[in-house]
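A.B. asks: These came from TrEMBL, pasted as-is:
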REGION    1-41  region 'Disordered'
COMPBIAS  22-39  compositional bias 'Basic and acidic residues'
TRANSMEM  56-79  transmembrane segment
TRANSMEM  94-113  transmembrane segment
TRANSMEM  125-149  transmembrane segment
TRANSMEM  161-180  transmembrane segment
TRANSMEM  192-216  transmembrane segment
TRANSMEM  278-304  transmembrane segment
TRANSMEM  310-332  transmembrane segment
TRANSMEM  361-384  transmembrane segment
TRANSMEM  396-418  transmembrane segment
Amino acid sequence: MEIFSDPPLGQSTESKKLKHATNSERLTRTSENQEHDSARNTNYKRSKSWSLLKPVIVWILDKWLVIGIVIACIAGYFAPDVAKPHGYIHSEWSIIYGAVAIIFLVSGLSIQTEKLLVHFSNWRLHFMVQGFSFLFIPTVFFCIVLLIAKFGDKAVFDRQILAGMIVTGCIPTTLSSNIIMTRLSGGDEAAALVSVTVGNLLGPFITPILITNVFWPTMDRSFDNVRPASDIHQLKSLYADVFKQIGLTVLLPLTLGQLIQGYFGFENTFHWVKKLFLNRISTFCLTLLVWTAFSSCFATGSLQKMPKEFLILIIFVNIGLYIFFTSLCVALSKMRIPYPAFIWEGKRFYVNRLKPLERGVFIAICFCAPAKTTGLGLPMVTAMWTRYPEEVKAKIQIAVVLYTIEQIFIAQGLVWWFSRKKKDEQPEDQHDPA
């Protein structure tokens, strides 16, 4: 027979404490396991959400300029009074002066002075860009206007808008977008900067001569009601405004950037340009310029009143011409001329051949040569048609605004194409820049 007896009082208390501690540990472990599982589930959900969001975020960061331009166009359409000249934000100063000045200041900080000096003497660069701007493109636009005027219906193809097409062909290359697009494509930003500066310094003198002395005398009598001013004295205010704008938005910030770079050194300056994301800020300024262009286009209401057939024709003509001009630039930049030899008095002479332009300069030409500027185009219309009502001037400006807006969208496609070609191509031999 077994005899049971109660354990001592102290031993019973210790057993209870031990049992209680064991239960507490179990509860703690269970709680920790539950927290761990909950944290693991939360992390899994976060990682799954991130895996879904990451491609979207990467795509937005990669295409942010295109998205910004689309948003700028939508804003210009629905609220044109905000960013139109003399609108709520006074874009004629805040954007046309402020944003452009930022772009050229960043370029002055980012580009070595030696490269600028080299491209100022690059005759092939100037021959192609300025030759396209002031000779080839004006002639092509003039021929198209003659064809439309001869065979088109006068009720549909407004002579005032056709006059704007002639102005579009004669104005110089644009200032800001060329530099931005060249940089994004991996091209030579210094070559683009020199080209646009030279072109916009020549434009105020060459463009009025082309319009009034070269092309307009050959127009038929249907254009008599939109004949521009030919008196040079009427253009004095134009020269003052244009050169003030170029001085304050191009030459002054560019010189300031070069002085800062010379004082601190190129390496230090460029380090801070990258650290402060100044290139991205400069690119963002391009979207502000697009916003202003669209706002000014829709604010007058002239675009909405334009015959749909004529509007569609101009849009597709502009697209076709821009692609044609760019393709021609590609062909001429890649052109090789063999060594022709001749013998004179028993001696053989060789003529140096033209080599293909180096990649960076070639890209700059493809953006600068076909492009046109509203910076000179719109003031030119205001000055040369100053005695006409605002509605007439707005119609003439339509062609200028449409071409400059379309060139930005097509240039975005060129940026993608050049960037893709750069990844696919093997490093090529270095060519002479001239």
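Each Cβ is built from the backbone N, Cα and C atoms, and glycine gets one as well.
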A.B. asks: Check for me, if you would, whether the transmembrane segment (310-332) reaches the transmembrane segment (396-418) - at least 3 Cβ pairs under 8 Å, residues 6 or more apart in sequence.
C.D. replies: yes
A.B. asks: Would you kindly check 94-113, 278-304, 396-418 and say which stretch has the most C-beta pairs under 8 angstroms to the transmembrane segment (192-216)?
C.D. replies: 94-113
A.B. asks: Which residues of the chain, 6 or more past the ends of the transmembrane segment (56-79), have a CB below 8 A from one of its CBs?
C.D. replies: 184, 283-284, 286-288, 290-295, 297-298, 405, 408-409, 412
A.B. asks: Out of 94-113, 161-180, 278-304, which stretch has the largest tally of CB pairs under 8 angstroms to the transmembrane segment (125-149)?
C.D. replies: 161-180
A.B. asks: Near the transmembrane segment (94-113), which same-chain residues lie under 8 Å Cβ to Cβ, leaving out any that are not at least 6 residues past its ends?
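C.D. replies: Counting only partners 6 or more residues beyond its ends, the transmembrane segment (94-113) has Cβ contacts under 8 Å with 83, 85, 175-176, 179-180, 189-190, 193, 245, 248-250, 252-258, 260-262, 266, 269-270, 273, 278-279, 281-282, 285-286, 288-289, 291-292, 375.
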